[in-house]
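Enquirer: Pulled these from TrEMBL:
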DOMAIN    29-353  domain 'FAD/NAD(P)-binding'
DISULFID  75-80  disulfide bond
BINDING   84, 137, 337  FAD binding site
BINDING   203, 204, 205, 206, 207, 208, 209, 210, 295  NAD(+) binding site
ACT_SITE  475  active site, proton acceptor
């Protein structure tokens, strides 16, 4: 059974000697972090600043096609950073009508940038007095981690407190014949040595739409296969506008379709068969690349959690934590994508990791606040949001108790180029009563992430509609249109912005 933290401090930890017998000693580390991604590294570095002895274990299991990378986790290697670089390359390529050359350069830039970030992270940890082990860790007992190198060499580490921050990996639909053998995921896309060519992206998550968007933007024939709705969990009016723009941008959509098998042809192309659930018909087409974006799973299988009693959600596999990021075992904590009910976002993992270290070693009591976390979907026309979706606000407060201010607008940069701005839209969801507190803000348009980041502070501080109306906009910007929102959905009036 797991020893209590108090008992552990006075008790001995087992360690192996050359003869294989056990001797007694105190834990080697104050904190051991399993996982060298954003949350884990943030927690480790913060803990080391308090003079604690800290170690980080990180190991990347190659993806089914064999893709692997270094320290830094999903964000640095196969997530936020390469995604934003490719998104920007696609936008530049579209603007200059030279997408393929620019985007190829961006891909080479990413490989160079990623390698540089890996090296910098590895060098940075010792400077912060954090010991780094490139091993795959699993629990031997509640205070002991058994690490294995790629070559099978064993390392035994003990710690008074342990933080699990192993993140997640993409799922494969293993019920689809040929999915694992012939498909790739976002883990592989950014490390391909050749162009993916004609690509089918299966799924309607933000990862799916972002990847399909920049692949279209660099000139590739790209199709998205959707089983049901796009961007589940996001405001569905905004999600529909995002996919409408993508269709006008050149991305093809197969809606209400489910893949049934993938076969490799003699030409090395991949023939995909799917069922249209509306018509009941079976259809096929061939592609150069099939990318699965059907969700992510917590990377916890190898940790041996059941041995030490760390409880997980039986359906999702995610670790159950309380408001203090504590698991069911008092001295074992978890942060980031592996935790149940938390946003799967790099900034929240970083903030949660830092606050956890401050509570453990810095006499802080501040908890992570997961409300009103802003985020952006980097599709060709970006979608940024903070707070509640319109659907969620109606669910929480009732339709009679909310007011939605909205506007269709045209960015100045779209005017000269005569670009279609039909989907450039924003809405603010407010309470109707009293001060009309802002519950949610949603924006589709250029630089949505930059726009929402600024307004997120006000909404976090409880901003109201009247306060926002007193805010002077910066002219000429897209963001200023938010400070001029005055048409309500309830009124039924035309919400198209005209003039200044």
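Cβ coordinates come from backbone N, Cα and C, glycine included.
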Enquirer: Counting Cβ atoms within 10 Å across all protein chains shown, which of the disulfide-bonded residues 75, 80 comes out on top?
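Expert: Highest number of other Cβ atoms within 10 Å: 75.
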Enquirer: Quick check: with 203, 204, 205, 206, 207, 208, 209, 210, 295 left out, which same-chain residues have Cβ atoms within 8 Å of the centroid of the NAD(+) site Cβ atoms?
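Expert: Here the nearby residues are 201, 211, 231, 293.
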Enquirer: Sorry to bug you, but what's the C-alpha spacing from residue 84 (FAD binding site) to residue 209 (NAD(+) binding site), rounded to the closest Å?
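Expert: With the alpha carbons as reference points, the distance is 13 Å.
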Enquirer: Do you know which of the recorded positions 84, 475 has the most other C-beta atoms within 10 angstroms of its C-beta?
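Expert: Answer returned by the neighbour count: 84.
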Enquirer: Mean pLDDT for the domain 'FAD/NAD(P)-binding' (29-353), rounded to an integer?
Expert: 91
Enquirer: Quick check on the binding-site residues 207, 209: which one has the highest count of other Cβ atoms within 10 Å of its Cβ?
Expert: 209
Enquirer: Distance check, please: Cα of residue 137 (FAD binding site) against Cα of residue 75 (disulfide bond), rounded to an integer number of angstrom.
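Expert: Cα-Cα, rounded: 21 Å.
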Enquirer: I'm trying to understand the geometry here, so how far is the Cα atom of residue 295 (NAD(+) binding site) from the Cα atom of residue 475 (active site, proton acceptor), in Å to the nearest whole number?
Expert: 40
